[in-house]
Amino acid sequence: MRIAVVGATGMVGEVMLKVLAERNFPVTELIPVASERSVGKEIEYKGKKYKVVGMQTAVDMKADIALFSAGGDTSLEWAPKFAAAGTTVIDNSSAWRMDPTKKLIVPEINATELTAADKIIANPNCSTIQMVLVLAPLHRKYNIKRVIVSTYQSITGTGVKAVQQLENEYAGVQGEMAYKYPIHRNAIPQCDSFEENGYTKEEMKLVRETKKILSDNTIAVTATAVRVPIVGGHSEAVNVEFSNDFDVNEVRNILHHTDGVVVQDNNDTYTYPMPMYAQGKDDVFVGRIRRDESQENTLNMWIVADNLRKGAATNTIQIAEYLIAAKLV
Ligand code: 2RA
């Protein structure tokens with residue numbers, strides 16, 4: 001497979017290359033793509049050096065699949081050009097996610113929706129992926145009425161500038177700010193910009209994308225997204241109201257048998273998910289599973305995942321793996 005990685009020099013792009021190698025993805029030719037200022041830079045993949053090329057050069061090279069993580073504007077401009085050249089695009093930005101003509105895919109949930117006609121496929125937001133992977137089997141079993149989620153999001157979701165800001169603040173050095181406020185010893189209740197309704201784009205991604213991926217607009221979702229000074233992954237406190245009652249042990253068992261989900265839930269052994277231990281792994285970890293005693297048919301959970309892996313690079317690559325296995329590319 002001729003594979004283009006668009007945004008190859010960025011944080012997610014670098015993880016994509018790592019995961020492609022780890023999973024021994026069938027890459028016959030790698031095309032690392034970045035903005036003009038990075039053209040000519042060398043990147044290494046599986047012990048071989050490749051020169052970064054620009055966007056139009058990459059379009060003309062007619063990759064089979066292009067894995068995009070280059071921001072929404074770049075994707076809006078260039079994904080259609082790659083698609084017109086016959087390349088199937090899997091895009092990590094928010095550009096196409098809510099487009100009614102584009103599929104929003106978490107392979108374990110809805111990859112079967114894909115057809116060969118899908119030339120631009122949207123990868124959901126990291127905080128959405130980890131939540132819906134856990135919610136999907138529970139929705140099928142108990143029918144979800146409402147979700148209340150509070151996130152505790154890693155600074156890696158903002159990118160290199162945010163990681164540098166935290167390192168500077170640790171070191172007592174004044175540097176470029178990724179956030180309006182210090183992130184060291186702080187928690188910032190704003191991920192991305194605010195929308196007219198007073199919610200942030202990050203919060204509304206959780207609301208909108210969850211309904212689309214679970215194919216159910218009746219699910220009520222509300223979210224509070226918070227940035228915290230950690231790097232390992234995103235954590236989420238999720239409260240779910242079902243139409244029907246449930247048994248907590250049955251919930252654990254359903255999740256235990258869900259592909260991509262690992263249950264870490266034992267109070268006696270202080271076993272629960274934490275981003276420090278999720279970092280570098282592709283699973284979504286769930287624990288603190290307990291009935292909400294304040295309301296019937298309602299459950300609390302704690303969900304953690306590496307936002308750069310299952311939340312971005314790995315999910316994207318799993319979509320590509322599905323396309324190949326289903327002979328859609
Ligand atoms: C964030 N999910 O964490 C967003 C984009 N990666 O900032």
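From the backbone N, Cα and C atoms, a Cβ is placed for every residue, glycine too.
Here's what TrEMBL has on this protein:
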DOMAIN    2-117  domain 'Semialdehyde dehydrogenase NAD-binding'
BINDING   T9, G10, M11, V12, R37, S38, N307  NADP(+) binding site
BINDING   R97  phosphate binding site
ACT_SITE  C126  active site, acyl-thioester intermediate
BINDING   Q153, R227  substrate binding site
ACT_SITE  H234  active site, proton acceptor
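H234 (active site, proton acceptor) has its Cα within 10 Å of the Cα of these binding-site residues: N307, taken from M11, V12, S38, N307. Overall, the recorded NADP(+)-binding residues T9, G10, M11, V12, R37, S38, N307 cover a maximum inter-Cα distance of 27 Å. Listed recorded positions: G10, R97, C126. Those with a CB atom under 6 Å from ligand 1: C126. Taking DSSP states H, G and I as helix and E and B as strand, the domain 'Semialdehyde dehydrogenase NAD-binding' (2-117) has 41 helix, 29 strand, 46 coil.
Taken together, the residues in the domain 'Semialdehyde dehydrogenase NAD-binding' (2-117) have a mean pLDDT of 98 on the 0 to 100 scale. Taking CA atoms as the reference points, R37 (NADP(+) binding site) and R227 (substrate binding site) are 30 Å apart. Note on proximity: among R97, C126, R227, the recorded positions of the record, the Cα nearest V12 (NADP(+) binding site) is that of C126. In this structure, the recorded positions under consideration are V12, C126, and the one with the smallest number of other Cβ atoms within 10 Å of its Cβ is V12.
The DSSP secondary structure for C126 (active site, acyl-thioester intermediate) is helix. Here the binding-site residues are Q153, N307, and the one whose Cβ sees the fewest other Cβ atoms within 10 Å is Q153. Listed in sequence order, L104, A122, P124, N125, K205, R208, E209, K212 are the same-chain residues six or more apart from the residue listed as 'phosphate binding site' with CB atoms under 8 A from its CB.
Neighbour density for G10 (NADP(+) binding site): within 10 A of its CB lie 20 other CB atoms from the protein chains shown. Around T9 (NADP(+) binding site), the same-chain residues at least 6 positions away in sequence with a Cβ under 8 Å from its Cβ are P32, A34, S38, K41, I43, V52.
Around S38 (NADP(+) binding site), taking its Cβ as the centre, 17 other Cβ atoms fall within 10 Å, counting all chains.
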